[in-house]
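I have placed the structure first, in the form of structure tokens, so that the comments after it can refer back to it.
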């Protein structure tokens, strides 16, 4: 592969402008997406299967083409580069705006490479996207051409399979594998290919936790496994971990905690498929300063509340200096929160932003749109739109400036 030149920041900001300043968002031309994918593939060639990240960081679960709800995530949790993000996969399929969603994430990854991190889910696959909407959406939006689908699904082969946070938390899309006991086994996998039907790579994106079992059990999904408490206990012990964070499963409240927080599921697509009515969440990890080897056995931070109203929280921030710019944004949002609720037996320094569907999600639902019934004229319109912030001249940080101009939306926060 020929190493492409580095895409200028001004060009990336122009792509952001096209996606953010128009309603509906403008789709990027095929040649632009090809260049984005080509550049990012070259960079990801040097990226290990498991990326090592540090807190503070926000963890995002499945998005599934719900573009406006992705914007809601940035509105609630802060936009890059002020906030670090780890996305756990399943960016496309089922939602109406898979093209726009993955396009925005690719641009953000190139624009803020040390702030935005993407790993692979089970829908980052040629087979799955052919059957669950993304392929058809590309054909509809690009006059019958599948080129954009090819560019993006080729890129999917390069995405990492997991991440560690502070060396203590393991994050992946799905779950654990009976073929893998050590993180080094994941690091040794050849990931630059389509997701196979079985083996470590498949299990990482397909498996699910199950509180009713202790060991492994074949998954009813037809791929991956169900895994129980003994499995995750041993995996964490063998790899000096305290927790696993994953996505992959719809949660009505936006998240699910298993085994006193040893395993968390984060779900970030509200009103999934525009009919489920579920909430969504983003997990913010402020720190992982745990005193005990297994902090899930107790709580280091004590929350006081009466009838759900926040009174005070005994969580130490003194270990982070006031000059720690990376941490200040997280700390300020935490201290300014007014609706925190107690959760039993989970790790300190973590909380969920729980939110409901954006008004654009509601509008799409009322219009009865479907992946195979997109309004082509609206999607491909090139007419000028003055409703956005097209006059913004802050090209130094277009993305952050876009969200500074939007009103803050109310969110519900659950402390962990």
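Placed from the backbone N, Cα and C atoms, the Cβ positions cover glycine too.
For the Mn(2+) 2 site, Swiss-Prot lists 90, 122, 248; matching the candidates 68, 173, 287 against that entry yields 173. On a Cα basis, residue 122 (Mn(2+) 2 binding site) lies 7 Å away from residue 90 (Mn(2+) 1 binding site). Residue 122 (Mn(2+) 2 binding site) and residue 64 (Mn(2+) 1 binding site) have their C-alpha atoms 11 Å apart, to the nearest angstrom. Same-chain neighbours of the Mn(2+) 1 site beyond 62, 64, 90, judged by a C-beta within 8 angstroms of the site's C-beta center, are, in sequence order, 61, 63, 65, 89, 91, 92, 93, 94, 121, 123, 247, 268, 269.
According to its DSSP assignment, residue 62 (Mn(2+) 1 binding site) is in a strand.
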